[in-house]
Amino acid sequence: MKVDSLFQERLRRAQKTNVRYLRLLFNDHFILFLMIALGAGILGYRDLLTAHQSVTYWHSIWWQAISIVWLLVGLQFGNLVTYFKPADRLYLFANDHDIIKSYLAMAMRLSAFYASVWQMIFIAVIAPILWRMDVDNWSRLFFLIIFVISYKMLLLMYERDKLFLKSRRLTIAIFEPDAIAEKILFRFLVPGTLLAFIIGLSTDQSNVMVIIWLLFAGIVVRYFAVTESKSQLFAIDWLRATSQAQVQQQRTLHFFALFAEVPHQPKTIKRRRYLDSLLKRLTKGQGSLFQLFLTRLARDTEILPLIIRLFLVGVVLVIALKSAPLWLIMIIAAAVLYLITFQMLPLYDDTQKNLWTRLIPISKVERLKSFARVQMIVAIPVILMMFVIVLFIRPLNETPVILVTMLIVEFIMLKFYIPKNSHKNKK
Amino acid sequence: MGLKINNLSGGYAGNNVLKNVTFDVPDGNIVALIGLNGAGKSTTINHIIGELQPQMGTIELNGINLVQDPTGFKSQIAYIPEQPILYDELTLGEHLHLMLAAHNIDDEIAWQRAEQLLKRFRLDDKLHWLPVHFSKGMRQKVMLISAFMLDAPLIIIDEPFLGLDTVAQKDVVKLIHEQANKGNSVLMTTHLLASAAEFVDQFVVLHDGKSRFIGTPQALAEENQLQLDQLDDFFDLVQRELADES
């Protein structure tokens, strides 16, 4: 195995893994979600574009703000992909120069490609709205595309630069690495201000600005470029480089884990001290396994955020489809509850895999009951909040139907789905 | 020339662990870095392998400065971490080939040495195995083979005997001797002072990020009124001394 071909080898492996996960992803849940989310999104977008024809409506400052926020969200996608692995700090540390010149160069090209695709997608989605705003000719739209993509390239170069251990005289260190202020400045404030400026420009002004921007970007590129002489002085900060790659990989796995069970996910926890009093109250007088499941859930960095995101997606869909037929809302409400339970199952399996849990002298039936109670602790607020939202946006006579639907789904989850699937997972 | 550490201060961001540490590992010498937990042994090693940037001071190996020519410096090092690090998806053979390629060492020439080491550690029939099938001791042996096959001017071993059976421990001591006899330097950390005293040339005692003692095992034993085979009691004396001071 040669160092030169290492990146390609890893890229091939990563693509293979992604294809495998995509196959897992395109299961019933994801198709269901795609159908509902895409359908709702397209319907809502079409309605928005056709219902409002007045110029003043589209020239509102709110639309400017929405487009800028959307493009800023886009800028957060497409990070540096290096595929570095923890063992690299041992096996590759003697060859930083080649890694910087060849491996990282390939990583940069791949990341630039992915990042450009992401930016194009985000611009394409907002383009119809931009067109109705002031950005109504191709040259202005073109400048916007150039700006967003080139800014993203600069961010990638900056990210790469942070992976180097450099002599202090070569570093312009304004912030501590990964300081929140740095992220806010370079990922939001600077691009947000520039985007606001660009969207407000006239065609002539934007033609001049494109040249000024490209000149400025060229200077920054020159500063971050890794020349032969610079690369001799650089070393890779392997701890940072491998942890950056791990975080990046985790993000991809998180996405897949939204709708499919991803095996071998590295586990991280967050203390979340602020939940302690709530945990204490909820677990008071309860069995030890209930306490264990709930505490693990509260400190988990995968499942809990996922549940919250799923709930928020459900809420957004229900609000976006306020004029949709009742059966669609029923499906969404049921799907949210089902997906939340589906995402919680790894908590049971993972806890069971721990030797400490297996040593606790409690029968499987009791364990399942404890887990089911934890599922209820999550499901009840979800059902109540959905009910309240539906109460506000749908006719009053429909709300009991939604409530009953969710209660039936919850009953099925508790009585059939959880026992069946936990049994399936126990080998 | 070997490794020269001069006035090294450093540590992790916002936590300056090392304070003016100075010591040498001359060619052909075996030096053991010792100290209680938190003394700064791992931080010193992380500096030498280039994972941390010194706040102050210099680190040179055979005249090459780590900060001025990181790749030139690091290509002279073989490192064995305390905990084995392996790629899940690579076989034992692939690990060794990758290590040779990363050090720009001719695979054909070095492979003979790799095969000798594989035989020595009884892994010669496991070249196609993935790490998932390795025991803890076998993983550690892969680390040892990966490092010793490089014949690097400086070999750094963090706790060389951890997880090894007694046969393998003896093999490691022999290999360390072989390295030193060839003129390569060996820097290691250990808590087993009495065993290490039999083969190391010097001990560097770190305490609270400073070098507290540099000298031969005999000198360390004499200074603390211990016999060489009682050196394992050294840390008890340090503990007692600290308790008295506080």
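Here the Cβ of each residue, glycine as well, is placed from N, Cα and C on the backbone.
Remember, TrEMBL labels are computer predictions, not curated facts.
Sequence annotations record features per position, and here TrEMBL assigns transmembrane segment to A:21-42, A:62-84, A:111-131, A:137-158, A:184-202, A:208-225, A:303-321, A:327-349, A:370-393, A:399-418.
Between the transmembrane segment (A:184-202) and the listed ranges A:62-84, A:137-158, A:208-225, the one holding the most Cβ pairs under 8 Å is A:62-84. Count of Cβ pairs under 8 Å against the transmembrane segment (A:208-225): among A:21-42, A:111-131, A:137-158, A:327-349, A:370-393, the largest is for A:137-158. Using a Cβ-Cβ cut-off under 8 Å and counting only residues 6 or more beyond its ends in the same chain, the transmembrane segment (A:327-349) has close neighbours at 29, 32-33, 36, 257-259, 261, 293, 296-297, 300, 302-303, 306-307, 310-311, 313-314, 317-318, 321, 367-368, 371, 374-375, 378-379, 382-383, 386, 390, 394, 398, 401-402, 405-406, 409-410, 413, 417-418, 421-422, 425-426. A Cβ distance under 8 Å defines the sequence-distant neighbours of the transmembrane segment (A:111-131), meaning residues of its chain 6+ beyond its ends; these are 45, 49, 58, 63, 66-67, 70-71, 73-75, 77-81, 141, 144-145, 148-149, 152-153, 156, 199. Taking Cβ pairs closer than 8 Å, the transmembrane segment (A:21-42) reaches residues 253, 256, 259-262, 313, 317, 320-321, 324, 328, 331-332, 335, 338-339, 342 in its own chain, all 6 or more past its ends.
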